[in-house]
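*Asks:* Summarising the annotation, TrEMBL assigns active site to His526, Asp574, Glu583. If you look up TrEMBL, you'll see 118-596 marked as domain 'Glycoside hydrolase family 9'. The feature region 'Disordered' is assigned by TrEMBL to 16-36. As annotated by TrEMBL, transmembrane segment applies to 80-101.
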Amino acid sequence: MYSANHWGGSFEIATDGAASEDDDSRNTDLDPGALQSSSAARLHRHELDETQLGWLLGPPAAKKKNRHVDLGCVVVKRKVLVWAFWALLAGFVVVGVPVIVSRFIPRKIPRPPPPDQYAEALHKALLFFNAQKSGRLPRSNGIRWRGNSGLKDGSDAKDVKGGLVGGYYDAGDNIKFHFPMAFSMTLLSWSVIEYSAKYKAVGEYDHVRELIKWGTDYLLRTFNSSASTIDHVYAQVGAARIKSKTPDDHYCWNRPEDMAYPRPSLSVTSAPDLGAEIAAALAAASIAFRDDAAYSKKLAHGAATVYEFATRGSSSNNNNQATYSLHRPEIEPFYNSTSYWDEHVWGAAWLNYATGNSSYISAATDPALANSAMAFDDGILDLSVFSWDNKLPGAGMLLSRLRMFLNPGYPYEASLSGYHRAAELNMCKCLRRFAAFNFTRGGLALFNHGRGQPLQYVVANSFLAALYADYLDAVNVPGWNCGPHFIPADDLRAFAKSQLDYILGDNPRKMSYVVGYGQRYPRHVHHRGASTPRNRVRYSCTGGYRWRDSKKADPNVIKGAMVGGPDRRDRFNDSRMAFGQTEPTLVGNAGLVAALVAVTSSGRAAGVGAVDRNSMFSAVPPLFPAAPPPPPAWKP
């Protein structure tokens, strides 16, 4: 049986047009009947419609997609565009997502490192000032064995409203010496100006400023600070005579709360040294309290007034002005000022920073003043020792700061460069390798040649050494030259730390000379308040001798008090009668505080730098005039 064709017609697929004659000829040659068949096929050929073709040929071939994409300004391959898209997506996942997520994750604030030994000692050293306060004490004072005292001080000073209540007792006695008190406030203010961030990092910023204000409030009462011209200033409250047998602040051994003997207020009409030092203290404090505009202005005004009093009638050709202590037996044996030209430089430098008045920098850099002060005389070794009686090294450091940070140039450069060279030479003399000063076998520098109270000189000069190292760091200078020797700044820090380490216990006796620091420290401090118990008994002038002469340890631990220190052979006599070794002082602790805050690294990890570059210059006007405004545009 043959398959049928239900569609009709032939199975052959018709092509366009008939077969060529050449094809017919070839077919005829092969088969004589082919020609006939071919002709018959053409007669019966049937054209297929579209549906039929679909059955036979299947679906039409799909058209190829365009392999390029026209982006308008450029034509790129589709594959390139796809790969670029996926690459961008992958980059966003790898980079963008973590960034976005990190912004929503709470950030951990970097914590400062744990307090080092210097920060721990700093906390205690500041407490000494709380123990030395006179007047009506605030409840927050924190020294349980201290109470109100000296509430009648200044009652004989009729020109002082409210008397001379307040301030600080100087040492183990109950006298308020204004000369060392002012120097102590200057040192504390200086340390706050330079290292405010460190004080904040260790939590002592508010405390140290409260201590400064307690002192400066009192200093403002020692003269008419609201006036522009004064003719006297009060030098101290309380008095003592050498080998006196009448009740006074040395003959009697009383707690300040139990004083019943006369306490005179001593006024002086010539005070070129004391007046300039009070001016320095008030000027420095005005910078430290710059955030309190009214108080800062009050301090600066008082500083200008008392400095004018101190320098009135003074000139480089007049060396006959009497020092505040001259021929005053209540002052001269204790805080005798050997010169006043150094205080004039010191006070003028501070007033320049506090007020920005160019007359003060002109005075401080006056070559005649430098000559009178022997500021550039490197042949006198003691002039390189910073102390309550010699401000030249401190003044030189202040003026070096001006040159290093601002470099005002003419007409100050010649004098400033001289002070800078002197400051660098003083730093050289601190270093043991140059043998300018003797050192004990244990490593303590003998800046006062082995006399009593050696530690107060050590800490004051350690502060300057650490401070100058920080100045060098701040201006990106690695060191300085001592003759042919290059000295890196870190050598100064190492010196300062070695001296403080000695004081805190790294010495032959393995003893801390700061009361309350460490396990072993002085227990018989030459201090009336610390040695006399607070037992509701009011001891008489001589009745307190039993506590002075007692072999028992102090009933009241006067924490943070730095005692006088050991002798030149590292020996120490822990006895109240050895006052040169066991008596603490305001200036000693002020220098200790300044040195400790300068060397401590506490707070550095929280972004605390070395020194505050700008606060010192907050009142100093620009050295060069501002550029004038451009001229108006020309119009036709």
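Cβ from N, Cα, C; glycine included.
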*Asks:* State the Cα to Cα distance, in Å, between Asp574 (active site) and Glu583 (active site), rounded to an integer.
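*Replies:* Cα of Asp574 (active site) to Cα of Glu583 (active site) measures 10 Å after rounding.
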*Asks:* Restricting to the domain 'Glycoside hydrolase family 9' (118-596), report the mean pLDDT as a whole number.
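*Replies:* On average, pLDDT over the domain 'Glycoside hydrolase family 9' (118-596) sits at 96.
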*Asks:* Compute the C-alpha separation of His526 (active site) from Glu583 (active site), stating it in Å without decimals.
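*Replies:* Approximately 5 Å lies between the Cα of His526 (active site) and that of Glu583 (active site).
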*Asks:* With a 10 Å radius around each C-beta, find which of these active-site residues (Asp574, Glu583) has the fewest other C-beta atoms nearby.
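*Replies:* Ranked by other Cβ atoms within 10 Å, the active-site residues Asp574, Glu583 bottom out at Asp574.
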*Asks:* Would you count the other CB atoms within 10 A of the CB of His526 (active site), including those on all shown protein chains?
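*Replies:* The answer is 23 other Cβ atoms.
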